[in-house]
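One structure is given here, and the rest of the page talks about it.
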Amino acid sequence: MKKLLMATAALALGATTALAETKIGMITTLSGGGAGLGIDVRDGFMLAIKQSGRDDIEVVIEDDQRKPDIAVQLADKMVQSERVDILTGIIWSNLAMAVIPSVTAQGKFYLSPNAGPSALAGQGCHQNYFNVAWQNDNLHEAAGAYAAEAGYKNSFILAPNYPAGQDALTGYKRMFGGELAGEVYTQLGQTDYAAEIAQIRASGADSVFFFLPGGMGISFLKQYADSGVELPVIGPAFSFDQGILQAVGDAALGVVNTSQWNKDIDNPTNNAFVETFQTEYGRLPSLYASQGFDTANLILSALDKAEVSDADAFRDALRAADFSSTRGAFKFGPNHHPIQTIYAREVIKEGDVYTNKIIGVALEDHADAYAADCKM
Amino acid sequence: MSALLIIEQVLNGLQFGVMLFLMAAGLTLIFGVMGLINLAHGSLYMIGAFAAAAVAGATGSFILALGAALAAAAIAGALIEITVIRRLYGKAHLDQVLATFALILIFSEGTRWVFGSFPLFLDIPDYLSGPVTLPGGIQYPFYRLTLIAAGLLVGLGLWFLIERTRVGIQIRAGENDREMIAALGIDITRLYTLVFAIGAALAGLAGALVGAIQSVQVGMGEPVLILAFVVIVIGGIGSIKGAFIGALLVGLTDTLGGIFLPELFKLFMEPGAATQTGSALASMAIYILMSLVLIWRPTGLFGARA
């Protein structure tokens, strides 16, 4: 009897491994203040997996709570006991820096659906690390280019004091070229910006650039709108994504922000994505959702060509990026970061829903500034 | 750096301070009377903000929203006091921390379950929005002035409640000797529930007032909770007066430190590095303040017991 049980157990075990040939580990933020971003990435990713109809892919999803130590524990668990082939999902650059170098060194593939810290795009690049979203600086460079083109001469710039915040201000300054009326680093997770707004008022700036993702951006915009400071505001898409616009309300209307994606990019993949995402989850997708969706489709396209176990062939298949992206044409630069067009969008109100509309191109076929430092 | 900017920053610091006071007052009251460390105080702040956002969304009235925040937080407070907290009074602080931390997780995920993961909309009502011009030509948001006034009023009300009413006498007696007031025939169980509900209501009010200018989202209470603990440690655990002075000190230190430290470093460093070093040091400023106060007075400014 005991033997029979063991045999059944062994059979059952064998059956599950046969079904799930590829195992993907997703570490993302599903609780706490930044949960909206992780949930969008997860939902976009799972939508693509579901649409592929493949039942030989298993996705293990874990919540990092936006804490680097927890992300590292989860990554160790996924690599050592879950034995995943591919990792993905991290939203925040400080978590990405803690996880990605160690998992790629262990021979796993990591595809980033969001964070793109500069340290991993230049000298720290790795042949098994691909970024499907952007290098952190990109959207801010586009904002800088837009500001310069709009004729602003003297910007006040602010961002939280963490890797992506520093990348943001570096990126803006790289393309802006004008004077800076002030440059301020705030605390990550800060909720009150009265002190910074007072500095903006006193600074004599002609424009304000800010990178404050998630709830930080909501707080800033509401307080800014109430302060009576009426300088034009520019930002990357992160402060104006679909998830938070409804919480900001009228305070965001008319603000120009830069993004590599928007729901009105007209191509069959994107149109279908926006429609099916809404049917599936009952809300409009954000750029994070589009990044999750693209990441999954990139993995699927590579799996069609090669097994993950054949690392070289699989890597070549990823590098070819032979999938239809929601952004239209998609290609990787030499450091495995996208070369892509970044648009300027404006916040509008469609009926009762706040959303974005593309008003122009900020940077065409833009590659990041670190690619030349990458030797792989 | 003009005088106007400095005055505006002092106002910002005051406003931050009085909101911290609303949080810290409840926390210190609960610790003083019941000897309980309540980590779930931040969750009550969140409940206040969510209740306000839900009611403001349904009715459009900010006053009703504030009422709902007070009521929801007080009810939630009374409920957890009766079901969970009551069993913890005799226990070690570590058990209290563990149990109230569990409450944080339950409230956070419960709120996410009801309201979803995306931030809610709660805005300043029209009649309080926009800037006003103060004497001297300072433009300052009217809502923040209202917050300062509301916080001071609540502080005054609390002082009156504790120093001048019968309930207040019982609360103070409960702080000094809980066996004795029980022996004098006061229903200590009811008193505890009442104190807990008052503390919770204050946290809920702070959540709703601050929620209108910040982001109403799951987990919004925890950063404030940490600051509120710093405040009551500085002020002396159990002292409302200490909480008030401590809150203003922390509010002013945090706000002014964020402005002046980077400026100070710019005097002898290049601007980019000065901004980064100054910002880093500014985020430590309140903890440095706390250590200095504790070196000078180990029980805090107005603390009676260690």
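Residue positions begin at 1 at the first shown residue.
Just so you know, glycine gets a Cβ as well, placed from its N, Cα and C.
Unlike curated entries, TrEMBL annotations are predicted automatically.
Listed in TrEMBL for this protein:
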type	residues	note
TRANSMEM	B:14-37	transmembrane segment
TRANSMEM	B:44-64	transmembrane segment
TRANSMEM	B:70-89	transmembrane segment
TRANSMEM	B:101-122	transmembrane segment
TRANSMEM	B:142-162	transmembrane segment
TRANSMEM	B:191-213	transmembrane segment
TRANSMEM	B:225-252	transmembrane segment
TRANSMEM	B:273-296	transmembrane segment
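B:225-252 is the stretch from B:14-37, B:44-64, B:191-213, B:225-252 with the greatest number of Cβ pairs below 8 Å to the transmembrane segment (B:273-296). Of the recorded ranges B:142-162, B:191-213, B:225-252, the transmembrane segment (B:14-37) has the largest number of C-beta contacts under 8 angstroms with B:225-252. Each of B:44-64, B:142-162, B:225-252 was scored by its Cβ pairs under 8 Å to the transmembrane segment (B:191-213), and the highest score goes to B:44-64.
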